[in-house]
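What TrEMBL records for 1-109 is domain 'STAS'.
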């Protein structure tokens, strides 16, 4: 699965691909930054429902967008992660930088 970016009223949802690695990270970064800047996005959501693998370049995408959104008072959210991706978030400390919605909570809403 390829990634997808969808903008809706100040919100940008990035549906991440099956494998988030250097092959796609730079393209996701460039497209997300363009949309964030052009449309003054206030909420950025990373949807990991299809993601099975993420390397350090994927972590860099999250950290960079978190920093950029923080400069403008925006919010970054990660959702729909499997256990492997959740573990990567914990080890990298991403769960301390952005809001993480565990899959269980998302299903209950």
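A Cβ is built for glycine as well, from the same backbone N, Cα and C atoms used for every other residue.
No curator has checked TrEMBL annotations; they are predicted automatically.
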Could you tell me how many residues in the domain 'STAS' (1-109) are helical, how many are strand and how many are coil under DSSP? 54 helix, 27 strand, 28 coil
Summarise the model confidence on the domain 'STAS' (1-109) as a single mean pLDDT, whole number. 93
